[in-house]
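A.B. asks: Below you will find the structure I want to go over with you.
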2 protein chains.
Amino acid sequence: MFEFEIQHRDGRARTATFQTPRGKVQTPVFMPVGTQGTVKGISPQELLDIGSQMVLGNTYHLMLRPGEKLVQAHGGLPGFTAYPGPFLTDSGGFQVMSLGHMRKITEEGVTFKSHIDGSTVILTPERSTEVQEALGADVIMAFDECPPYPAEREYIRGSLERTIRWLERCHAVKTREDQALFAIVQGGVHPDLRQLSLDLTLSYETPGFAIGGLAVGESKEEMYPAVAFTAARLPEGKPRYLMGVGHPEDLVAGIALGVDLFDCVYPTRTGRFGYALTDDGRLNMNSSAPRTQLQPIDGDCDCYACRHYTRAYLAHLIRAEEMLAPRMLSLHNLRYLHRLVERARAAIAAGTFQPWAQAWAERYFRHAVPAWFQAALSAGAKAEAVEQSMVEAPAVS
Amino acid sequence: MFEFEIQHRDGRARTATFQTPRGKVQTPVFMPVGTQGTVKGISPQELLDIGSQMVLGNTYHLMLRPGEKLVQAHGGLPGFTAYPGPFLTDSGGFQVMSLGHMRKITEEGVTFKSHIDGSTVILTPERSTEVQEALGADVIMAFDECPPYPAEREYIRGSLERTIRWLERCHAVKTREDQALFAIVQGGVHPDLRQLSLDLTLSYETPGFAIGGLAVGESKEEMYPAVAFTAARLPEGKPRYLMGVGHPEDLVAGIALGVDLFDCVYPTRTGRFGYALTDDGRLNMNSSAPRTQLQPIDGDCDCYACRHYTRAYLAHLIRAEEMLAPRMLSLHNLRYLHRLVERARAAIAAGTFQPWAQAWAERYFRHAVPAWFQAALSAGAKAEAVEQSMVEAPAVS
């Protein structure tokens, strides 16, 4: 159970199979986000059709509504949502932190006001683990604090040390053997704090590790060195999960640096706003050009929308405020990200990841590949020199 | 082409096959409404999966946005919407009438202000036919006036006579032989005016006839005698279409009276409002009871929602304002109406329509079957006595 078997390596990038109780996941993988027990607008059958392998659920939202006990009465998230494959739940920590002034952090846990009815709720490592056991995902996450950006060094240090004490408490109360508990490495964009968090976290030998605390407001130039530094120091034989990150360019850069799992609301959210992801960048379907274009969003895409609809039709649906518009754009965008990781996996297996990623980026960024992306790609090519080279992780503090 | 072949009769109820250029339609049939080129929230594949046979498009909406020329550039509604089966378009008349003070009727046609940009548009029999030819449905409707309810007898009379002159003009400009033009019988709830409209209309020998001018505000007690009177006097060998009518009880009563085609926005609209159609009546999924019910909406239903979801899950989606809720309730409601006409067809074929309809009504109306429904069912049982009996159509005026 939870075996992680690497199949191909190409620089730091790798493909693997991750065995979960509800099936094997081919990594690298992008996980659609089903915050409230549904990937917005998309049915489980459609998720299977487009190649989704693992779905994320949000502990914070589900514990407040409908409550984890109702989900448990359905046999957990698979029974509740009718998605039959593997699930991952977050710990609720990140969402609670993002409530800002509405919450208070102590050693015990986090006290916050429900966004639904304003009631006072406390989330602790024990409670988060209890809720996640009731939700029944294959992978559950340790309850952590994700400090805001920017934050003082000393705050980040204290926070990551408390996160370790919380990890200890999650471990102590966890009862289900059919769930893997992943620990989360914090430390902001500071290599020494990342190293400290790694030192404290890795001793727990959890079946997988997440890179947390990123994509919270820092620039890509700050974020990717931290990803490179952390990913390179996580155990080779366990899955690495970059939390809450999933724009197309993030997937390619993250894969280059040895990340295996990604999740993000971006594909469905940007779809609801009328944007379509393509190899040529993000297509604004709200603009006037698509209204008369009789080609699909993406001629290479095999999603239902691209096989059946013209851009003109989808642009019409958007203007007419028809529900089918956000549904179809969300479906296409999810399929785009799934295809992107499928292509990355194929390139890694063929030993052509670097040229593939470079060619993808040249087109996607219209020959203006940003320096942060190029640096990530370069760092990813140098698997053997990780420990010596700190180029990818300059000391920011 | 457009052959209408009756297979079974049971009282006035009948089953038939209606041949269209895009395939055979088994009648009685309920047609989902795709006002703006999509059945709200539902994909063409889902329509096929739930047994939809023919879809309605609205000329008024589509001519204003995206404009019929863009639809024509896609090869008509099947290419535009990706629904591969037969279509029917209305003439735009009914929708223009419902604009109320924003429109003006003359012998030439109707002048109105667009609900989208306020521009002045004129819709005439010639223009309606031109637009419907561009939209390319299998069945197109004659441009008619549907008077409001209540209206003066003399107004209804003048209006139905003008509707005949408009029918003549539609006929004169129609060019496509792969489209059937259906005429519309008007006359409000007045038997003598219905008879006048029938006399004037039937001479056109169109491939099908619609019963128009009903479900515009009159009571069921006034409406159903008019349906009974009109349906009984339409040609036996051609399809009869009761326009804009399609609550479950309307389908059963209409079928009893010999109606073959129905359409209504009701199943998708009430679904978006959180209501689910069942043999036990309309289930309010917004109420508190479903929130903890672990059974499907309808254990007898084979739709995706009933095969995969509990009421508790769907009630959660509604409270969470998730897009999947209106999508799944719309899908279920459409499937419910399709199953209802399938069961009616089977009962007609078995010669058991009357007891089936009675049993259905006892459950649906919870043993309080309304008099109008019982009268419609009784009238439908007396096929041979149609001309002598005016019981079902008392002179209202």
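The backbone N, Cα and C atoms fix where each Cβ goes, glycine too.
Owing to the predicted nature of the structure, the values given are computational and were not obtained by experimental measurement.
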A.B. asks: Let me know which member of B:GLN53, B:GLN179, B:GLN186 TrEMBL also records as binding substrate at the site of B:ASP90, B:SER91, B:GLY92, B:GLY93, B:PHE94, B:ASP144, B:GLY213.
C.D. replies: B:GLN186
A.B. asks: According to TrEMBL, which listed range is region 'RNA binding': B:8-12, B:268-272?
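C.D. replies: Comparing B:8-12, B:268-272 with TrEMBL, region 'RNA binding' matches B:268-272.
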A.B. asks: Among B:HIS332, B:HIS338, which residue does TrEMBL annotate as binding Zn(2+) at the site that also has B:CYS301, B:CYS303, B:CYS306?
C.D. replies: B:HIS332
A.B. asks: Tell me which of B:20-26, B:244-250, B:286-292 corresponds to the region 'RNA binding' entry in TrEMBL.
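C.D. replies: The listed stretch tagged region 'RNA binding' in TrEMBL is B:244-250.
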A.B. asks: Restricting to the same chain and to residues at least six past its boundaries, which positions have a Cβ under 8 Å from a Cβ of the region 'RNA binding' (B:268-272)?
C.D. replies: 32-33, 39-42, 282, 326, 329-334
A.B. asks: Please report how many Å separate the Cα atom of B:ASP263 (active site, nucleophile) from that of B:GLY93 (substrate binding site), as a whole number.
C.D. replies: 16
A.B. asks: Calculate the distance in Å between the alpha carbons (Cα) of B:CYS303 (Zn(2+) binding site) and B:GLY213 (substrate binding site), and round it to a whole number.
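C.D. replies: Per the Cα atoms, B:CYS303 (Zn(2+) binding site) and B:GLY213 (substrate binding site) stand 33 Å apart.
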A.B. asks: By DSSP, what is the split of the region 'RNA binding' (B:268-272) into helix, strand and coil residues?
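C.D. replies: Per DSSP, the residues of the region 'RNA binding' (B:268-272) fall into 5 helix, 0 strand, 0 coil.
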A.B. asks: Quick check: which same-chain residues outside B:CYS301, B:CYS303, B:CYS306, B:HIS332 lie with their CB within 8 A of the centre of the Zn(2+) site CB atoms?
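C.D. replies: Everything else in range on the chain: B:PRO296, B:ILE297, B:ASP298, B:ASP302, B:TYR304, B:ALA305, B:ARG307, B:LEU331, B:ARG335, B:TYR336.
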A.B. asks: Counting distance between Cα atoms, which of the binding-site residues B:CYS301, B:CYS306, B:HIS332 is nearest B:PHE94 (substrate binding site)?
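C.D. replies: Ranked by Cα distance from B:PHE94 (substrate binding site), first place goes to B:HIS332.
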A.B. asks: So of all those binding-site residues, B:CYS301, B:CYS306, B:HIS332, which one's Cα sits nearest to B:GLY93 (substrate binding site)?
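C.D. replies: Out of the listed candidates, the nearest Cα belongs to B:HIS332.
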A.B. asks: Quick one: of the binding-site residues B:CYS301, B:CYS306, B:HIS332, which has its CA closest to the CA of B:ASP144 (substrate binding site)?
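C.D. replies: It is B:HIS332, whose Cα lies nearest.
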A.B. asks: I need the neighbours of the substrate site defined by B:ASP90, B:SER91, B:GLY92, B:GLY93, B:PHE94, B:ASP144, B:GLN186, B:GLY213. Which other residues of that chain put their C-beta within 8 angstroms of the C-beta centroid, in sequence order?
C.D. replies: B:MET97, B:MET141, B:ALA142, B:PHE143, B:GLU145, B:CYS146, B:ILE184, B:GLY212, B:MET243
A.B. asks: Which of these binding-site residues is closest to B:SER91 (substrate binding site) if you go by CA atoms: B:CYS301, B:CYS306, B:HIS332?
C.D. replies: B:HIS332
